Amino acid sequence: MSTKLSPLAWFSSGWKLLGYVLPMALACAGIAGLPVSMAIAGVMCALLCSLLLGGSKKILLTPSPFSALMLMAAIAYYAGVVSERIAVASLLTLFTGGWLLLMSLILPKHCLNWIARPVWHGIGLGMTLTLIVMLFPVVLGVQANNSSWQGMWELLIDWQGWNWPSVVLAGLSFALLVLWRSKTQPKALWVLLLVWILSYIWPFALVGIATPVQQNVQLWPFMNPVHADWPLLFFLSATIALLIYMESCQYLSNQFRRNVGLVGFSNILTAFTGGMVISLGYIADEVLRIKRNTLIAMLLLMALIFCWSWLAYVPLPVLAVIALYVICVQINWCELRLYCWQWSDLLWLCISAILIILFGVCTGLWLVISFALIVMCWYSLRMHAWPVLLPEVQIIAQEAVIILPQILLFANVSTLLNKSYLLINTLDIKKIYLDMSAGCHADVTVFFHLQALARRLHQQEKMLFVCGLNEKTYRILIAKKLDYLSAEQFSTLSAESLLICHKYNNGPVIA
């Protein structure tokens, strides 16, 4: 039987993937006060780079909500005519691409994985709350005097000044996104189509509902005259690049350096063609099968949409709701249960979020990253976890034993477990014993990476046993009920003792 897909199947897959990419791109442009044409140009450049330079393991580049937040924060310094905002956005995109290329060359691989997981969650929480503050005036259909929390409270209590048609439209869009129980169809894209059809029946402009800025695509937009503060532009673009680098660090990709360099090159190309900042959106996996034919179909669909130009009239409240919905969907809510009774991790999360909220996105991000790296270095030296030593692998009776030479904590867990996986990845062994007799610090970062290692081994039909734990850590790990790790897969015995017990008892591995 032939396994080749028909052109109709290609376009169906392309339409599905476009549902992940295009609505978010339009929302990013709309809430940043930029023309929709910049979003379309950015998506076209991202698809071209993914198609031509993505390699065998395809990646999908796309604007992200946090990238749009950085653009909003940056463009806020340049309140002026539309052409000047476009020029500033293009300059930021160009400089961001340059910073990303530089980072891919000089920064150590996975360097930001040294930072504890709660810090990442705190950054995401702080930036999400900031984005909500910026989007609420758009949903309410009013002009915000400022983006402070006090200004937001004044808007909320002044309900008589709301644009109620805008609120109703945003509420209907949100209800449709939430209540439509479908995981196989790009709901956000269908919502955009439905709203566009409604705009002909009930013109939204007649009731004061705002639409995105209308302007044609401009090549070389950064060549337009603009009174730029160059040091500030360099700082803001470096902050956007740091954020994209941070987002890319959260993907477990073996082609990390190449992916960051590709994102940098894509941003430079996007700046020349009049697009906006893009980042690494998705990597091909079992759910998202990003293939060459699918990317070609997406490009053709984008060309049709661009010629049709119906997306330019989608109201801003709908785009704001889509941005909020995409952010909520991307949050791994199941991972938050790991924080139960983890007071120190919760403190890290709250401190990171508060710094982002109090000092703003740009300054707060640098403060959090710098503070987290300093604490990581201090913990590593105090716990003798630096330099990171290589784990050892022993093959005993067709079973693998991985001996960790030093204590496992948030500063080295990613490196140690990744190196352990590479050592046993190609071995034809079904049981792997991870000996933590050197010590293990029970925190959210360790829990997360243990789950990730167990999941990767489970996909290869291998089972991970964690042994050599002390009594306290053993009880905590069992109470967490980690995915792919049952209570029988944890033990306080050493790997050698556990193998002997397993061999002679011929039963389940227990403490």
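Heads up, the Cβ atoms here are built off N, Cα and C, so glycines get one too.
As annotated by TrEMBL, domain 'SLC26A/SulP transporter' applies to 19-329. Per TrEMBL, the feature transmembrane segment maps to 20-53, 60-80, 86-107, 119-142, 162-180, 189-210, 230-248, 260-283, 295-326, 346-375, 395-417.
When the stretches 20-53, 119-142, 260-283, 346-375, 395-417 are ranked by Cβ pairs under 8 Å to the transmembrane segment (162-180), first place goes to 119-142. Sequence-distant contacts of the transmembrane segment (395-417) (same chain, at least 6 residues past either end, Cβ-Cβ under 8 Å): 110, 113-117, 376-377, 379-380, 383-386, 388-389, 423-424, 427, 429-441, 443-446, 449-450, 452-453, 495-496, 499, 503.
Of the ranges 20-53, 189-210, 230-248, 295-326, 346-375, the one with the most Cβ pairs under 8 Å to the transmembrane segment (260-283) is 20-53. A contact between the transmembrane segment (230-248) and the transmembrane segment (20-53) is absent, since fewer than 3 of their C-beta pairs, 6 or more residues apart, lie under 8 Å. Under 8 Å from some Cβ of the transmembrane segment (119-142) lie the Cβ atoms of residues 31, 65-66, 69, 72, 148-149, 152, 155-156, 161-167, 170, 208-210, 246, 250, 316-317, 319-321, 323-324, 327, 331, 336, 348-357, 360-361, 364-365, 368, 372, all in the same chain and six or more residues away from its ends. The average pLDDT the prediction assigns to the domain 'SLC26A/SulP transporter' (19-329) is 78. Of the Cβ pairs linking the transmembrane segment (189-210) with the transmembrane segment (20-53) and spaced 6 or more residues apart, 3 or more are under 8 Å, so the two regions touch. Only residues 6 or more beyond the boundaries of the transmembrane segment (346-375), in the same chain, are considered here, and those with a CB under 8 A from a CB of the stretch are 69-70, 73-74, 112, 114-116, 118-119, 121-123, 125-127, 129-130, 149, 235-236, 239, 242-243, 246, 339.
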